[in-house]
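Enquirer: What follows is a single structure, and I will ask about it in a moment.
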Amino acid sequence: MAGIRALFMYLWLQLDWVSRGESVGLHLPTLSVQEGDNSIINCAYSNSASDYFIWYKQESGKGPQFIIDIRSNMDKRQGQRVTVLLNKTVKHLSLQIAATQPGDSAVYFCAEN
């Protein structure tokens, strides 16, 4: 992850039926969705000179895993089930996950370079 200037936000995405316990201590923004629903995770940035944005996910007990990236000269980039949208005017990007599955339960990070 060399060259990453800032880590903007992280979000715990969980399927409603997956988590039955209570979390103690760290309170992360949480998005709970039903299996099969679409999810949207938003991220804001402040450095208008940023030209490269990356989304990672980190499953419990594992290291961060690259999901998708986008360059500042693009508005949209699509993967297999994920799409990233970049709005440079308002310095905002979003990660859309189609047909959410149990394997999507993770902490999500957005970063700039």
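Here the Cβ of each residue, glycine as well, is placed from N, Cα and C on the backbone.
Copied straight from Swiss-Prot:
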SIGNAL    1-21  signal peptide
DOMAIN    22-113  domain 'Ig-like'
DISULFID  C43-C110  disulfide bond
CARBOHYD  N87  N-linked glycosylation site
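Are these features on the surface or tucked inside, and what touches them?
Expert: Broken down with DSSP, the domain 'Ig-like' (22-113) shows 3 helix, 46 strand, 43 coil.
All chains included, 24 other C-beta atoms sit within 10 angstroms of the C-beta of C110 (disulfide bond).
Long-range Cβ neighbours of N87 (N-linked glycosylation site) (same chain, at least 6 residues apart, Cβ-Cβ under 8 Å): D75, L93.
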Enquirer: The domain 'Ig-like' (22-113): mean pLDDT?
Expert: 86
Enquirer: Using all protein chains in view, find how many other C-beta atoms are within 10 Å of the C-beta of C43 (disulfide bond).
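Expert: Summing over all protein chains shown, C43 (disulfide bond) has 22 other Cβ atoms within 10 Å.
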